[in-house]
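Undergrad: The structure under discussion is supplied below as structure tokens; questions concerning it will follow.
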């Protein structure tokens, strides 16, 4: 029955029942955590004007957000629309428009499908389920602490274990270059890039020799933060280091903490604080977040996104309810009562069915359940 | 803070917290019913090759599915992709490919976002949340009875009341024209159209005078089905009428039942049986379903779709948990325990916050909750 036309485009796939159940389960558990902490879910549309989606990304001074979105012309407005590749800018737009008058801090949650026109090198998927939370109106240490601990709790609720979080300082180079480790404006971009790729030779060539020790201020948090403090002779980083320590204290033993202060990839539009979540059996990052400024409204915000399908692939199968086969002519009221107490039922609709092949563990006999 | 660029394209909107909560609540309740009846959720992708989405619709002999989808070229395959406007054809594709070897009957459920490039006259929305179930491998009376009662139970669980279901017989004209009320092939299309628009004059002009009484076999089920039986002199409809009566008997008093045997709009690809769901305060239809044949695999199937955002707008607000304000320095363990028993919490993150404006009903004082 399979014909070539039935195949899906590269990087797009069906989630069949087992995988769909894991994703649904992880999504509800994570959304439940966000709701319990006062984050209200919003549902932005799949498509928007390209300009509103693109204009709210790419806050970095020199990084251009690659054109990752599927785009098409709207016959109604004759303007270019795009399919969302990231829900975060939509939340920023909602905060700046429909919820501009809601009291701050504003806590919003989201979960939904996204698509990118081109996969990145590390991940062939072009369709992803993104889930996240945004704390709008604050990018303080307290906001960072709430958001990181929330992200860890959400990932744990989704069912993964062995969680670790890697801190970074996205505006590190600018902060140092403005203070104790001066760099001409034109050299900053190259220094940031070489630090990000951890290329010591390239860093020297770019005129960033003074920044070399930063490459070694990485690893387990307590140790790396001491190295960072030693580099920070002028004290330009003192408040950032103190902030990281407060956030780390709040995490406690909920996750292993590491520091990689020069990591920039994926943090192009974050301000002083960024973090990446990892977990056992999750390939690549489980999520990412940090402090930033909403483009357009310029309101400070702190948030995170989880890659829900990646996470769900590392989660054990959720427990399945016992499934009861209901033969033709069964007692419908008995079946209804059993469903109400958690049974799943499969009703016979024809001759020659094999209840076990249909996933049934029991059959209804009169008012009784009998194991198959 | 609102600029023109922040506006959304026509027919697309944000669902802010109250509406998002109603939609989420209705979705979980309806999916819970489908799961309890053995329907496994699958998650097809947002976009596919246009050909696979379009090729599985429009099963009617003369109705062309309007080109309702957003389309764009895939740089990876250089083929045309489309954003789904309907999830049903995706479920048919899954049944025919990835789940071709799963035992039949196959019960699948889905829920997700869809978009259409042009709104229809009755509904300006271009983005919709569609939820549904497909029973694949059967289009029998028993299958129809299961699917209609399931649809009613799902809509009721979503929170609406005053449910009614309107039956139709999509292949009525072909059945009669092949038997007691012969019509030349070339006249059938016009007769179907005039019956659908209930235009008696047009029907005569189209050569369908014999079909006129069908226009009056509508209304409350018991009465309308008697009129239909009286028209059906040759007995060509006998099995269909018996089928409708069995389905109606299974519904019992779970919904008010009406019959409109010539209704074709929205049933272009259904076979012998179709139904539309209505409910109190729901503008337009709440859902639609019927028996059909999966294009490509030609497997019989019975299913339904609900228009979840339409339904959710008619549902009362779900109850909100009490919300507890957690002042700076609060007892985190006490807060955690209170969340575990159902409290929602909002932690203070700065000076000058107004707990009530933030939606809080209580505040945490030591280990105690104090009403605000």
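Just so you know, glycine gets a Cβ as well, placed from its N, Cα and C.
Straight out of TrEMBL:
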DOMAIN    B:11-311  domain 'Class II Histidinyl-tRNA synthetase (HisRS)-like catalytic core'
BINDING   B:86, B:87, B:88, B:118, B:130, B:134  L-histidine binding site
Undergrad: Over all shown protein chains, what is the count of other CB atoms within 10 A of the CB belonging to residue B:118 (L-histidine binding site)?
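TA: There are 15 of them.
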Undergrad: By a 10 A CB contact count over all chains shown, which of the binding-site residues listed here is most packed: B:88, B:130?
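TA: Answer by Cβ density within 10 Å: B:88.
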Undergrad: Let me know the most crowded of the binding-site residues, choosing from B:86, B:134 and counting other Cβ atoms within 10 Å.
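TA: That would be B:134, with the highest Cβ count within 10 Å.
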Undergrad: Give the helix, strand or coil assignment DSSP yields for residue B:88 (L-histidine binding site).
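TA: The residue in question, residue B:88 (L-histidine binding site), is helix (DSSP, three-state).
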Undergrad: Near residue B:87 (L-histidine binding site), which residues of its chain come within a Cβ-Cβ distance under 8 Å, counting only those 6 or more away in sequence?
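TA: In sequence order, B:44, B:110, B:112, B:114, B:130, B:132, B:305 meet the Cβ cut-off.
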Undergrad: For L-histidine, with binders B:86, B:87, B:88, B:118, B:130, B:134, what's the maximum Cα separation in whole Å?
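TA: Roughly 26 Å, rounded to the nearest whole number.
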Undergrad: Tell me, what is the mean pLDDT of the domain 'Class II Histidinyl-tRNA synthetase (HisRS)-like catalytic core' (B:11-311)?
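TA: 92, rounded to a whole number.
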Undergrad: Select from B:88, B:118, B:130, B:134 the binding-site residues whose C-beta atom falls under 8 Å of at least one C-beta in chain A, and return them in sequence order or as 'none'.
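TA: Out of B:88, B:118, B:130, B:134, B:118 lie under 8 Å of chain A.
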